[in-house]
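Working notes for the structure below.
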Amino acid sequence: RGFLFSPSFRPFHVEPTNIVSVNDDTQRVTDEASAMNKRIHYYSRLTSPADRALIAPDHVLPAPDEIYVYSPLGTAFKVDSCTDGYGKNSSLVTIFMIWNTMMGTSILSIPWGIKQAGFTSGIILILLMGILTLYCCYRVVKSRQMIPLTDTSNWEFPDVCKYYFGSFGQWSSLLFSMVSLVGAMVVYWVLMSNFLFNTGKFIYNFVHDINVTDIVPGTNGSNKVICPSAASGHAPQNRSVMFSSGNRTGFELFEEWWDKSHTVPFYLIAVLLPLLNLKSPSFFAKFNVLGTVSVVYLVFLVTVKAAHLGIHLEFNWFTENEFFVPEFKILFPQLTGVLTLAFFIHNCVITLLQNNRNQENNVRDLSIAYFLVGLTYLYVGVIIFASFPSPPLSKECIEQNFLDNFPSDDIMSFVARIFLLFQMMTVYPLLGYLARVQLLRQFFGNAYPSLVHVLILNLAIVGAGVAMARFYPNIGGIIRYSGATCGLAFVFVYPSLIYMISLHRAGQLTWPALIIHIFIILFGLANLIAQFLL
């Protein structure tokens, strides 16, 4: 789940059980301090008492200008002097925090998803899925308010699920949270292997003055675009031809030991496995703002590439053309699976919005944030798809990670891969920490029962990432499977069921509301089933 993460705390000495304001005439300070103290106690439940990464003593309050918002499927955001002095954020900050938290690795697969769905239907699906997930997100926000208890201010959505569904809600929310976490970690491992491979290849060729041409179809000129999937029916590894100076024996040896799927995924183990075993990875949260930089740079890269490549769309329905762009394709559920994860913020949206200064603006701010996220996905997806040079290449060449359509010696793509590689290597230990906290605390009552327990869990997670990078390095497939799975629970089923149950208990459930929310549940189920059929 997402959470507020504050690695540094400002001392504010008060009695542990009776928080009082510094100025007795300012009741607002008392209320805000009390609410903050409740949130501290809530997040303290996420870790063991010996682990100080997410907890603070009763006499310490987090500094309102040093708060991190983190989502396993997005990035982290630090608010620097953006609050009103009482730990509350303006609407502008809240909107940006939601946008920043939601933007994740899914953005790399949006152009591929549009290719799978068809151009026109791809655009329509992005809009419709944005609206549907926004509505379900709104139901998540309202779910806590519909509970007839005096104090639910420190509750998150999994707590709401436990209230309505008992132990089943508790354990099922844990299961789907683990699916989202482990799925994100697997995607990260595949992408890190990809970025590390291309970065190492670029550096080796540059240092040794080697001019290499990949044996894949591609365009000519300074803005080269390649089609890796056209080489022997699968993406190439290191197959290339050397044209200029350099030690050929050394070059061949490098290609043997620097392979995208056979060696590089194993090299990452030496760096990341020790970091996963740290008791507290709070240090890495300081670098997660790079996620914002990476997204902004990707938008810049897409814009520059499109300006050089131009628009290539062929919609002629009456003339046979191998470069015809279909407007609808039967594989459209693959895009809905990706979009379920792309718009996924439902497990931490309550935390994000409860710090909004004007709570009456929550719906408006959430809607604006979703609009900006959808606009970003649309811009990147449509621009990459439309500018992909067809002819001479086919739109079917668009890769599940659109950066793979640019050769390793492309300077702008090299910079993007460096940004993303470093950002993911700092986020990965935090994802592992969340997985450890949620799983081990449930079974052992301690997030760090022993080094052996932690090591076994981390080896299993790392092993899954290495296996996928080795045998199934398809991030689009991994994203749509994990997105449709965790989205079934957190996006479609639980928000709809909770809303219908609360209306029924209040005697306000109507047939239109019942039919609409049953349809949403069935859509989520069909979305999951379709991922395994197409």
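Here the Cβ of each residue, glycine as well, is placed from N, Cα and C on the backbone.
Residues or ranges marked as domain 'Amino acid transporter transmembrane' by TrEMBL: 90-201, 269-529. The transmembrane segment annotation in TrEMBL covers 92-112, 118-138, 171-191, 262-278, 290-311, 331-353, 365-386, 414-435, 447-472, 478-501, 513-533.
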Summary of DSSP states over the domain 'Amino acid transporter transmembrane' (90-201), given as helix, strand and coil counts: 96 helix, 0 strand, 16 coil
Other parts of the chain folded back onto the transmembrane segment (171-191), taken as Cβ under 8 Å at six or more residues beyond its ends: 1, 72-73, 104-105, 108, 157-158, 161-162, 165, 265, 268, 341, 344, 347, 401, 420, 424, 427-428, 431-432, 434-435, 438-439, 442, 461-462, 464-466, 468-469, 473-475, 478-479, 481-483, 485-486, 488-490, 494
Leading contact stretch, 118-138, 290-311, 331-353, 447-472, 478-501 vs the transmembrane segment (513-533) - CB distance under 8 Å: 478-501
Sequence-remote partners of the transmembrane segment (365-386) [C-beta within less than 8 Å, at least six residues beyond its ends]: 91, 94-96, 98-99, 102-103, 106-107, 110-111, 113-115, 119, 122-123, 126-127, 130, 133-134, 137-138, 141, 295, 298-299, 302-303, 305-306, 311-313, 339, 342-343, 349, 353, 356, 395, 398, 402
When counting Cβ pairs under 8 Å to the transmembrane segment (447-472), the leader among 118-138, 262-278, 290-311, 478-501: 262-278
Same-chain residues near the transmembrane segment (118-138), Cβ under 8 Å, at least 6 residues beyond its ends: 110, 313, 325-329, 332, 335-336, 339-340, 343-346, 349, 363, 366-367, 370-371, 373-374, 377-378, 381-382, 385, 491-492, 495-496, 520, 523
Two-stretch contact, the transmembrane segment (478-501) and the transmembrane segment (262-278), at least three Cβ pairs under 8 Å: no
Stretch with greatest number of CB pairs under 8 Å, the transmembrane segment (331-353) reference, 92-112, 262-278, 290-311, 414-435 candidates: 92-112
